[in-house]
Amino acid sequence: MEPQVSSRMKKLLLVINCIILAVGTCGGPLMMRLYFIKGGKRIWLSSWLQTAAWPINFIPLVISYIYRRKSNNNNTTKLILMTPQILVVTIGIGILQGYANYFYAYGIAKLPVSTSGLLFATQLAFTAFFAFLIVKLKFTSYSVNSVFLLTIGAVVLALRSSGDQPEGEPKKEYILGFIMTLAAAALSGLIFPLVELIYKKAQQAITYTLVLEFQTVYCFIATVLATIGMIINKDFQAISREANSFELGESKYYIVIVWSAIVLQFYFLGVIGVIYSASSLVSGILISVLLPATEVLAVFLYGEKFNAEKGISLALSLWGFASYFYGDYKENKKRENNQSQETEMTDKSNCTP
């Protein structure tokens, strides 16, 4: 078995996974939007790219296996830690993720990055709601304040969304893009607590290797679902034609495709890692606070306007992010003080004749 992760190592993993998640959250939508604004039209292909780079996970999995084999100093090290029960529920998560990927890709295709970003930010509210129902999340005043501020930030941006309709985009397609993005946010908000529940209910030690196996399987299942959609929609036959007409050129088309898959895989790897190292709510809050940063990048890369509403939303998001982690810091200090007092009382009782 893999050695248990210490508290210090878990904090280090949290920082690393936050960085990975930041790269995926900010870079993923920008890469996907670049594909569409430069001539790409295949939504199932875009959905497929979100999880197609799942084999990347084999790199840390192989490293982990070698490390466990050396630590155990014998030949009984298990190659796969996942039990059949976890495998079954992971397949279900993968199917949900496959549909969430398609809904999100549809929204990215029809909406500007800023609009799709603000709509997807509502996943935090869905995450909090489902986490309360599924994993019995206990809210503090700081976490409630954080959710409130981040939600208000999304609402502020929504007030100006009517003026973001891309030129030449039919109103019907634009509205459907709204609905699809909200559906993606709702499914993501459901998936995060479900993953946390699996971690809690699993009748085995939850190690980072098991988390990687979980993420690999459910991304593979989501990729299979998207592959079926591509076959039905004949996307594979259209790739070469689309590459020839791509505005940046045929070679740049394939570069965009490959890097989109890699950057988007960072998102899923980061999400699962943050849930393992902290909680589903922390993952949701981090994604929400990074969405305005994505909009800032869209201003420089795609020339989108950064108005007062976006500035207010960014400030509210940063405030909400700070509020949550300040509350988390206070809760940890309180927990440490309580444990210290209990230890002192135990020592005194043991010393009493």
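Counting starts with 1 at the first residue shown.
A Cβ is built for glycine as well, from the same backbone N, Cα and C atoms used for every other residue.
Please treat TrEMBL annotations as automatic predictions, because they have not gone through curation.
Look at TrEMBL and you will find 12-36, 48-67, 79-104, 116-135, 142-162, 174-199, 211-233, 253-274, 281-302, 308-327 tagged as transmembrane segment.
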With pairs restricted to those 6 or more apart in sequence, evaluate whether the transmembrane segment (48-67) and the transmembrane segment (116-135) have 3+ C-beta pairs under 8 Å. no
Flag the pair the transmembrane segment (281-302) / the transmembrane segment (211-233) as in contact if three or more Cβ pairs fall under 8 Å (sequence separation 6 or more). no
In contact by Cβ distance (the transmembrane segment (79-104), the transmembrane segment (211-233); 3 or more pairs under 8 Å): yes
Other same-chain positions with a Cβ less than 8 Å from the transmembrane segment (253-274) and lying at least 6 residues past its termini are 13-14, 16-25, 27-28, 31-32, 34-35, 38, 40, 46, 49-54, 56-57, 192, 195, 208, 211-212, 214-215, 219, 242-243, 246, 282-283, 286-287
